[in-house]
Structures are given as C-alpha cells and as structure tokens.
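Chemist: Handing you a structure now.
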Amino acid sequence: MRLFHLRTFVYLILSVQSLVIRTSSANHATVSTRNCIGSAENATNELWKVEFSSDVVENEYIVAFNDYYSSKARNSFVASALKSSEVVSWNILPRNNPASDYPSDFEVIQILEKTQASLEALLQHPFVKRVTPQRRVIRTLKSSEDSPVEYKPCNKSEPCWQQKWQSSRPLRRSSLALGGAFWHSTGRYTSRRLLKAIPRQITNALQADILWEMGYTGAGIKVAVFDTGLNENHPHFKKIKERTNWTNEKTLDDGLGHGTFVAGVIASHKECLGFSPDADLFIFRVFTNNQVSYTSWFLDAFNYAILKKINVLNLSIGGPDFMDHPFVDKVWELTANKVIMVSAIGNDGPLYGTLNNPADQMDVIGVGGINFEDNIARFSSRGMTTWELPGGYGRVKPDIVTYGSAVRGSGIKSGCRTLSGTSVASPVVAGAVSLLASAVLQRLHVVNPASMKQALMASARRLPAVNMFEQGHGKLDLVRAYQILSSYKPQASLSPSYVDLTECPYMWPYCTQPIYHGGMPTVVNVTILNGMGVTGRIVEKPAWQPYTPQNGNYIEVALSYSPTLWPWSGYLAVSITASKAAASWEGVAQGQVTLTVESPPEEEPRRSLLKLSIKVKVIPTPARSRRILWDQYHNLRYPPGYFPRDNLRMKNDPLDWNGDHIHTNFKDMYQHLRTAGFYIEVLGAPLTCFDAKQYGTLLLVDAEEEYFPEEITKLKRDIDNGLSVMIFSDWYNVQVMRKVKFYDENTRQWWMPDTGGANVPALNDLLSPFSMAFSNQVYEGDFTLGGHEMYYASGGSIAKFPAEGVLVRQTLKDQGHEVLKGETVTAEDVPILGLHQVADTSGRMVLYGDSNCLDSSHLQKDVELPERMEGNHLYRYSKILETHGLGTPQARPLPACPHLAWAKGEPLNISAPTNLYKHQKLLSIAEPVMPVVGRREPQVIPHAIQEKPGWEVGPGGIITQQQDNTHTLPVIAFLGMAVVLIFFALQVHKTKTKPRRRYRPPRLKRIQQLVGRMPNV
C-alpha cells in the first residue's frame, strides 16, 4: 500500500505558488520520487523483538528528598508531612538490597487512603523535592522473523481495537538488543568490492591487542553492568568483584543471557574475548527473569554505584522519555560523581529524531551501531535530539558509532553467541573506555565523563557519505583514542567543533540549503564539553569575528548559551543569517565565534579559549514563489503530554514522540521540496511573527497546538494579500480518543489523549473565516490519484468547503466505526482533498485530511464537526492556553515576537582555514611513544601536537598552527631541493677553480721514511 505520493505534494506546492508568480502554467519540476512508505525489501531476518510495557504499582510512590539522609531521618520527614494530612493508613516499604545500609535521597511509601491530600502534604515538606508514582517496567525479548507488517481487516471474531495501553509512557527503557546475524546497510549505492569477513573477535577488529601487548588490560578500573545478572562461576570471567541483586527475586544469576553477553563483551577473557579482562566487574541485577523492573530499583542501584566509586557504567537500555525526572536527575548525579556512563542510542532507525534516553543527554556517551562493512546499521537510531523542539533545534547525537551487528559475546553458561543492536555497540564502547582508563591509570585524575568523550570523539574515524546525525563524530578508533588520552591536557571543547554549512553530506541538513537575507535564521546547537571540571561558566560574552578576506561581513550571528556548565557540559546556540548587504550577493562567507570557558581554580586557574569556525554559502534572496514556511510552533509531542500517533493502526507504538520536524520524520518531504528548487524555512514563533510578503506558501502539518485569536486574524489578512496555505490534518474523534485512553501515572486516573492525530477543532477555528472545516470522521484505505497509488491512513474528511472550490472524493473504509464497533464499513464519496482560489488577487488554499503521507515514521452525507473533548489537559502543555481555577482554559496574551540580539562583529583581517575538519586537534602535553608490536596490518597513528612557539589555540578549544601545512609542504620541498642543488653546484665550482697542489706522500709514509721501517708484530 502507498501513501500520498510526494510528487503529487510537489505538484500541489507548484500549483498554489503559481498564483503568486502569475504565470499561465506552473513550473513542474521533474523529481525522481517514491511514495511515503517507500519500497521495503521483503528480506526475512532473525532478530530479537523488544516488547515493552509499563504500569504503575497501585498506591506506591517514590518520595525524593533534596539530599541524602539516614533511614531514621527519612522516616521522620515522611511521618511529619503525613501527620498534617491526618493520613493513618500508610507505611514505608522495606528495601532489601545493599543500598539499605547507607543514606539515601528517596523513600518508597504506600498510601492506602486520602491519596491526593497525602501527596499534597508530602510536597509541602521543605526537604521533599518530588513525589512520583512507583513504576513497574516489563521488558520482553523474544526471537522472531523480521517481516513486513501486514494489516489484517477487523471483524467481530478478531477485533483490532482491544486496547491494552495502561500507561502514558508505554515505551519504557528497554534492552536495545536485536537478534544474531542481523545485517543491515545504509541503502546507499556502493561499487562492487570484496566483503570483509566477520571477525571472530570483536577486540581484534578494534585493535585492542595493541594495548594488551603494552600491558594494559583494564586492571584497576571498576565497571558496572546494569542488566539481568551473571552466573557466579561463569568460565569467561576472572574478576567478578561483586554481584548485587536489586530485584524481588532471590537470585543473582542471569536467567536470560542478555546481562552475560553484555558483561562478556566488556570483560571476558576466554573464547569470545572482551576488551578489559582484568577490570573489576560489578554486576547489578536490575531485571527479573520475567524482565520486570521498578524505578526505585534503578535509583537504589545508581546510589550504590556512586558509593562503590564506579568508574565506568554500561546501560544497554533506553526509551523516549527524557521527562522521567527521577531517572534523568540520577543520571546527572552519577556523571557529576565522575562515573562515565555509556548508553545505547536506540534501535528505532532508520528514522530520524528517534534517539533514546539517557544516551541523548550531553553528559552521557551515546553509542550508535555499524556493521562490519562500516555502514550505519539500519536499526541504529538517528539524531537530532528532540529535547529542544519545537522552539529551537536539536543537538548532534550519537556521539560515536561502533560495531553492533553480528558481534560475538558470552553465552549464558559458557560458549559464545552472536547478537546485534545498539545494546551490543554500547558494551563495545564501555569495554574500550575501561581499557583506555586502565592505560592512563597514573593520570586517572584527568579522566572524567567529558575528557573521555573528548578523546573518543577527537580520535573517531569519520565514515564517508554519512551525515553527523547518523554517525556523530565517526567510528571508534581505540588506538588513536589512547594516544590522545595519554597526552590529554584538561580543556573545554565543542561538538561539533566547527560549522561548515557547505560540507555535504556530513553537515546534512545544513549543507542542503544556502542562507539568504530575510530568511529565518539557521540554528546550530553546539554542545560544550568541559573536561576541566564538573562545573564551569562562560566568561563574559562569546564574540563574533568575521574574516574580512573571506566576506565575513555578509553574515550575522546571534548567540545564546548555558549560564552554567553542569555536569561537565552546556550548550551554545548559534543563529546565522545573511546581512542586508548580501541581499543580491552570492558567495562563501566565513568567520569564527570565540568564547572562554572557566572552571573553579584548583592549583592554578583553569580556562580554555574556544574558537568555532563558521563557513556558509550565501545566495541572493530567492523569489517569493520559491520560499516555503514550515510552522513548527504549533507542533506538540510526547513527553510531557499524551499525543497519540497519527496512524491508529500503530497500536504497539501509540505515542507521537518523533518531534514533527522537517529534518526528522518529515525528512523525505524536505528533500523532495529542495530537489524541486524550493527553499524551506522553519517558524518557531506564532504566526504573527513572520512577514507573509516574503513567502509563497505556509505549511501547517499535523498541528496539535491551539491558535491565538491574533494569529487567526493575521492569517486571514495574509491570504487576502497573496499568501497560499496548505493544511494537512489528521483524525480527531472524541469517541475514538476515549477508546485509546490510558492510565495517567501522575494523577492515578484514566485519561484521554489531549488531542487526536491533529487538533482539528483548533484548525477549524483557523479556517472559520473561509467557511472551511474538517469533520470528526476517521477514514482509511487505498485509492489512486493522478496515476499514483495512495494510502489514506487514519485521516479526517472535509466537512465544509466553498462551493466554488474543487473537492476530490474517494471511497474509503470508515475506520472510526471500525474502532468503536469492530465492523468494517465502506464509505463512498468521502471528500479528502480541497483546492480553493480565495479571490483573484488572493492566495490559494489546499486542505488534505491526512498528514501520514508526508511522515516518514509511518512507513507503514451530513457530517458532524468535532468539538474539543471535555476535561482534556492540553492547557498543561500548551504555549497558548492557560486556566484560571475551574473555568474553561483561555488563550494567554500573545507573546512578543522573539528578537535575536545580533552579535557585534569584530573583524579579523586574516585568512580562514581552508579545511575546517582537518583543522581540529585536541590540546596535548606530550607526544606518547607507541611501541612496535607484531601486526599483520599496518598501524596508522597520527602524531600528537606538542605545545611549541608558533601554535595558537584553535576552534573547539584546541591547538592549531597559524598556517595551513597542507599548502606549505610543497613549497618547503621545492625550496629544500633548490638548496641542495645550489650546494652541489657550489662544490663543483669550487673544485674546478681551486689551484693544483704539489704531490706529497701520505703522512704515515713520511714518518716511516724518517724513522725507518717499523718491525713486524
């Protein structure tokens, strides 16, 4: 089945634009396209399916305190808080684990009466930070066949809509392992070549034996494995320091094998070797044999890891919920205590914007997966991070990638097995980090979460033809990382370390569209890593320095940044646009941003001067008809609210958590529009904050947010003045929303979704001045339009449309009736597409009832107008609504449009570096000496740069030479050869012009003649 074809979408864009340019025929670009689902290979592969569910434990709550207290103190805090609420039936649950003997920062309590009053009383206590429900997590790993999803028709005997969603967050942190021998490729064309054999040992593939032969094997490093446990007498491990059980089962052994495999990749010393066989293993059993865990188990185990002074912690789990405050807060606390956390980035690839938490956090090393062909594994999640959406732009993640496909590791009792997934790539990096830390044991005081990440990223090998949101900084290179770490000097650095908007494909999507005057600023979110200390700050303000010889005056830069860097990290948001002087100029402009990072002094002041090189392509401002504005402001996502999927068939993945951005789940749409010659800009502010005279079309896709009254008024005026608008809606039906209700973990009540696939009542308010509206019906089905096969996936229909407009009708299935009654009913003449010319001098409007046609994450009569669901909680997450008491939520006052403070340029009359990527080097204190070891493969190790006169601190905090060596080397070679030739010419000339001397016998012969012949000996 196929969705709305992207070629048709481009055609519609061209059609609505044609009014603006006033031509008799639209300029139809021929684009090689595929439908929204694409052509999937029907290959069958064995993999581990991860099913994951979560529910709350009735009447149990986690009370988090603002510090660590003894058990007696915690009990008194809870008792005094609940005494004021007159609650009698409550008790503190015992925690039978090793952490119970130590002070803690939380308690688990059971409340059997007056729940709401009790929670409010607890929150009023001065030492209580937060109260959250106790959560039970169930993870299911099972082997299955990877085959295309097939949608079966519903019937009474086998209804499709028996929902089992019991949580607002059904996608919890799960094991990120797939099955053995699961091969993937990026889908890019490559020429024929010899395939690499799968290595018997993953350690050989990453040259760990080089460090082993130097005597480094992980000794002295404490490594924690949070998983399913490990059998005591497993023959592959020789240094199991401690096994602890945090579950309610009375066993320490691994009943599933996943924890054993992960531990083996890190520290096995037999058969399938791990990277650090002599590391001290601390095994944390946090999942039962039924694959159940609780939030409190993780919190207790994390506290114990801090007490045990763990150096490296592997977490092969992940989930989309970065709003899980107790978990995220504890991860920050772990890294603040110098625990280097390594976590899997997720198995939700190849979709973009699917990163898992905690790997998407700045202080955690997030690991993606590749196969042994050095292709990004299809399963590996892609960036950007979505914390910052919809107002800003995401950060670069993963940090690095490494082998995660068909990797051999320890079996549950002995022997080896093969697994795939980022759950496998994570322990590969955790084992490598442990080995690296043991190699610099004498300098362990400079090893911390930031410095280790800096060394891994600076040494990583960049993969060709792969962008930064797929590979991060590149493939793990263990030997190069050792060389950098052994000479590392504490410093701050940037990720990415430069911004080159002309470098494709690595800088995708930035490199795909030049900047121009009058366009929305391009935002690059840079991570600041502070290897000098857990806390830091930016001294004074960052400065913008345009390069005068490289046309730096044609670009303007605005900067925002973290006021405090903690733990080990912060952000620098760089907004770039073309200056007014560049309105008709075309070329490449360059400059740099400089900033100073400072950490509290120890023996001496700790400062780093950072330089971020910026290079952009500037073009004259395009014609209005080629400029499209994407509305990002009115997109909401999970978390924090429950916003359901646009496609109701996706019951196993009900939460819309991809972020709805043109560079994540709408990536294909963006690429097709760019190929067709359009320029797409992103609006992160209300509709009152853009100049409609600059744009041909406004795109409103899958909007969940409400609209300010002022926005409705302005849009009517903009359309009257020639702006065209395309609106892609989705389903909205109150009865269907009640059918997919969930049990809210915070209020402990059954809640409905805060909106449908789109906020259709809000869209109808926006369309009311034009006598247009969407209905509350839900349809699906296949049809053909313009010669293209299409699939309508849980879309709405058009209820009202002007009589002079054009409506396209199709025969579809009534999916709403199917959801509610379990019966399949066909509806004829369903209006799904409307096209209308508002007036001769006005813009055009296009309405379509389904946005799934554009969304890459869904690779798969009289009508009633919808009304807002009574009692919905959209106002809690809305930027527009607010509530006063028990009344109906009202619109907030319209906020002022954001105005960026453009940095005043400090021009530099120097030449910019020609290759920004090769320009980056980490600051070092000495050049380590690598021994020569027996290897069948050539060893390529770059030289570290020493501190010498003639070097300066370069971009990313880093030392660079004042001139580009790549251009001076040929000149030096030529001059050297000239000097040699001149020398020989002078010698020949000197020999020819020297006067001839009288022959004299050798000195020894003259002595013999004087003293006579010497006697024989």
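Positions of Cβ are set from backbone N, Cα and C atoms, glycine also.
Here TrEMBL flags 1-18 as signal peptide. Sequence annotations record features per position, and here TrEMBL assigns domain 'Membrane-bound transcription factor site-1 protease-like N-terminal' to 56-135. Per TrEMBL, domain 'Peptidase S8/S53' is recorded for 218-474. Residues annotated as active site, charge relay system in TrEMBL: Asp227, His258, Ser423. What TrEMBL records for 495-621 is domain 'MBTPS1 third'.
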Chemist: For Ser423 (active site, charge relay system) and His258 (active site, charge relay system), determine the Cα separation and express it in whole Å.
Modeler: 9
Chemist: Do me a favour and check the Cα-Cα span between Asp227 (active site, charge relay system) and His258 (active site, charge relay system); whole Å is fine.
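Modeler: A Cα-Cα distance of 7 Å.
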Chemist: CB neighbours of Ser423 (active site, charge relay system) within 10 A?
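Modeler: Looking across every protein chain shown, the total is 32.
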Chemist: Across the domain 'Membrane-bound transcription factor site-1 protease-like N-terminal' (56-135), what is the average pLDDT of the model, as a whole number?
Modeler: 86
Chemist: Over all shown protein chains, what is the count of other CB atoms within 10 A of the CB belonging to Asp227 (active site, charge relay system)?
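Modeler: Step by step: centre on the Cβ of Asp227 (active site, charge relay system), count other Cβ atoms within 10 Å, giving 27.
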Chemist: Helix, strand, coil: count each for the residues of the domain 'MBTPS1 third' (495-621), based on DSSP.
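Modeler: Its residues fall into 9 helix, 70 strand, 48 coil.
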